[in-house]
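Structure first, then comments.
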Amino acid sequence: MMKSDALRRQSMRPENTMEKPDMDEALAPKILIVDDEEVNRVILEILLSKKNFITLSAASGEECIQKAEREAPDLILLDIMMPFMDGFKTCEKLKANPSTRDIPVIFLSTLTDSKNKAMGIEIGGVDYLNKPFDGAELMARLRLHLTLRSQKKQLRRHAEILEETVTKRTLELSRAERALHHSYEQQNILNHLLQLSLKEQSLEEILQQCLESILKISWLRLQQRGCIFMSDLKNGTLQRVAHNPCSDAIRATFSEKRGVGISLCPQKACIADIHTANPFPQNLMQHSMHIFAPIWSRSQPLALLCLHLENSEPLSKNKKIFLASIASTLMQIILHRQAEQQARHNLMHDPLTGLPNRTFLIQRLKTESLAAKDTPDSCFALALLSLDHFRNFNESFGFGLGDSLIHATAERLLEEKGTEENGLGYEVWHLGADTFALLFTRLKNRESVIRSTEKILDRIRQPVSIKGHLLHVTASAGIAFSDFSYKKSSEILRDADTAIHQARILGRDRLLVFTPKMHEKARGAMETLMDLRQAMEKDELILFYQPIIQIPDEKITGVEALIRWKHPHRGMVSPAEFIPIAEETGLILSMGKWILKKACTDIKALNDLHPKKPITLSVNLSSKEFANTELFEQIRQTLAETGFQPELLKLEITESVVMGNAEAAVITLNKLKEIKVRISIDDFGTGYSSLSYLHRFPADSLKIDRSFIRRMHLGGENLEIVRTIVTLGKALKMEITAEGVETAEELAMVQELDCPCVQGYYFARPMPLKELNTSHFFHPLISG
């Protein structure tokens, strides 16, 4: 990260609403900003000028030393990484110069490791802030160190006066010496607390060391007892995180004050009780042997420091100020550590769902892999789960709904986790986009994992209402088990991803368990994809056309365009082999655009040869094409370029594609109908809620799926399904076409049901344009 970028983001952060009022310009401290990048200096100058600080700037260490000698700033903000003379060397020279050695230096740097922080403090810096820094924290640190420097100057001046009158005012000199000693001790203890915060330890360990250091301040006359409580605002409690033993006397002393009594004795206390005891802390500090120093941040109780005096003498003003400085320092330590903890949490968790993310999962897989190696009988499983056609939801309804769908899916997974039986549990991870991971660690057998994952897929299939839309969602899943000889923990993630990829290729909405053969399929799919890209560039793709026949006169009324791939080495490649790969990779978009333009050009030429009875052209649209926001404009432009009549174009869309985004589908279909393009519902009857939703869509025709035609001869409900579809289509004044008619028996049954059009091998296989033009279907047209 560039330094300027870090500071630029810093300038956008909200500032502390509890800042002190701006000082008069005449009394404004003078701050020297040292950074080799001008943008960093400008940002800091703007930030400080808003608070009425007087700012100077230097672009190098040498310029810094010169201006420090000439201008005598009150404090220096010093960058570390500068050419010729870095910040550390500059600080050493400043401290070696009698005229500049007392100027406080605060390092500002992107170097975050503890060694650099310790080095900065060791060579004389009073503080060290990381870029990007918090604006409120910078202001607090500036004011703290300016206050300390001011105190040092005042004490130094006081000492000089006392030295001049030493013979006359011995008692006053003695008091001044003690005050000077206490002041230096204050600064040392505050610096020591800041140095403790640089250690690579937990917050609890650091606060425990801070408490022990505070209790050693001799002039405060403290007992070796004390506590530091952290507030839990969510639960309204105090948690003791650092302490020296509390005596029975403390419990007795505060038993009458319920709120404070609870805070000292048990592990938890009610924060609200302490807030309502308004005059109580002041009384404690004046007439009791116990001190309470609340630690606040932005009007919120952050922590509570509890100390115990050796006697009941009232605290002096200086001691109260010093205790307030300790509380302020502890606040900075706590906030800094909490920010680090939050950053680590953010690194390992997904911000949308709050679930652990891919980075966390990889670490966890390493742990589980090591455990599996140590215990050969142990086994774990990783299931990847991906929402099908998630991109369609985003493009149709917007990313807000997509995010809500991801959040709802996460809740479903967590809810389903709570219903697991037989002790089989799993952890949920969100790997990004529409993909989740389920980690099963207490396995009894493979079947239990498969059953649990299938149960989860069933739950996802249940319609979910989001922002007023009833969404029908499916998911694909891939499972990998750890009983393969994995050398790296990431390999099980790779294999689960391979399994889910195969599930998508096979049609989605299914679960596959990884097998080693899948690697071969994956390699084959990759080779097919590479060849397919070349095929589009080398014009190896061709179009065949299958006639659609009107019965009983058996005249051609239209054709369906079907893509074929003539591979130079493998011959004709089945569409079932390359279409799923094209859909999965998005290549189907460019392929579909080519199909539409080529088919319109071909059939336009054919109709020009036979103008008395032009035929219709049916072109299939995949789910990705239908969800493409440029679909309408692409079709309109293709029709204009080819001159093909819109009313002769039939766009075939599968029922499942339409039902996946029903409301968005209606909008798209209506736009197409406005330019007279006809809509056909393909593979009708294979989806869900077909009959109840069909009337909502502006479709012109239905194509009965081949699976129903093939089972008609069995009679019973198989025949009745086809009869119902034909009756429904006629009631809605739609054209009906039976797909996949291959035998005379099937043709006779379709005729008996009064289905007007058929398509299938019984009449004709798909054929090239030239063969179609010379076929017997056009002889009546030619002779007429």
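Quick reminder: no glycine exception, Cβ is built from N, Cα and C everywhere.
Just so you know, TrEMBL annotations are computer predictions that nobody has curated.
The region 'Disordered' annotation in TrEMBL falls on one of the ranges 1-21, 337-357, namely 1-21. Using a 10 Å radius centred on the Cβ of ASP79 (4-aspartylphosphate) and all shown protein chains, the other Cβ atoms total 26. Shown for the domain 'Response regulatory' (30-146): DSSP residue counts in helix, strand and coil, namely 54 helix, 24 strand, 39 coil. The DSSP breakdown of the domain 'GGDEF' (378-516) into helical (H, G, I), extended (E, B) and coil residues amounts to 59 helix, 36 strand, 44 coil.
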